[in-house]
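A.B. asks: Can you keep this structure in mind? I'll have questions shortly.
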Amino acid sequence: MAIDVFIVLGIFFISIVSRSIQALNWSGMVASIFVGLAIWAGLEWKGLVLLGLFFFTSTFWSKWGKNRKQMDLPVIDKEKGRNGAQVFANGFIASLFSLLFALTDHPLLLIGFIVSIASANGDTWASEIGVFSKQKPVILFTAKRVEKGTSGAVSMLGTLAGLAGSFVVSFTALLLWPSIISGKDLFLLTMFGLLGMFVDSVLGVTVQERFRCSKCGNITESRSHCGVKTVQIQGVQGVNNHMVNFLSICFTSILSLLFYQFFG
């Protein structure tokens, strides 16, 4: 009982501190508390270790080289800290799998949980590290080079970073659940996490909304720029970066369940 209280207080404490250092905004802080409590309720401390690995490493990479990123990424307008939509986009599926695993104890649901975290981590590492590539990224379908930070664009550095991010989560899962996760699973989970990154890229190119600033002419993912409303020029209305993250994680996690069900 005392340990449970300590863990709950720890979730609140980390969320509040993350807000104070602008890793999260207010809505992100509240969302992170809900996600943390849900994962703790389902998978206890082991689930929180995997969630914490994603959160802390992603926060580190997002802060690393921040000034250079702001100069090099004219397409992106980031808020100060992750907001609630971003937290839920990356953590809702993991929370759901965690709670379902607690209710059923079915190992496939643990696989879905791990893949959802691996996919989110791989995509975040790819985005945050890939911008330091010396070459401009390319669009998957056309190989056309575009500005750094363009959603859906990939680079060799970003892809390797995504692979590393997925592997770190998968390897940690192997250490946490050795009776369930095997060496073969380590490879498969890593590949599914990497697949999530590519699915995110495909959705980013095909359906994610983009806007043009009517004042400066820059392409942006924001509905306002330079103090004026932007004009949508691409994508499906309402499908922003957070929605793309959610859809890619959802698709990849479900695909991993189907694969393990029939071939695992």
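Including glycine, each Cβ sits where the backbone N, Cα and C put it.
Straight from TrEMBL, here's the annotation block:
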type	residues	note
TRANSMEM	33-62	transmembrane segment
TRANSMEM	83-103	transmembrane segment
TRANSMEM	109-132	transmembrane segment
TRANSMEM	153-180	transmembrane segment
TRANSMEM	186-205	transmembrane segment
TRANSMEM	243-263	transmembrane segment
A.B. asks: How about the transmembrane segment (83-103) and the transmembrane segment (186-205): do they have 3 or more C-beta pairs under 8 A, pairs 6 or more apart in sequence?
C.D. replies: no
A.B. asks: I need to check the long-range neighbours of the transmembrane segment (33-62): which residues 6 or more away from its ends have a CB within less than 8 Å of a CB in the stretch?
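C.D. replies: Distant contacts of the transmembrane segment (33-62): 7-8, 11-12, 14-15, 18, 23, 87-88, 90-92, 94-102, 110, 113-114, 117, 120-121, 124-125, 128-129, 165, 168-169, 172-173, 176-177.
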A.B. asks: Residues sitting near the transmembrane segment (243-263): Cβ under 8 Å, six or more positions beyond its termini, same chain?
C.D. replies: 86, 88-90, 92-93, 97, 108-109, 111-112, 115-116, 119-120, 123, 151, 188-189, 192-193, 195-197, 199-200, 203-204, 207-208
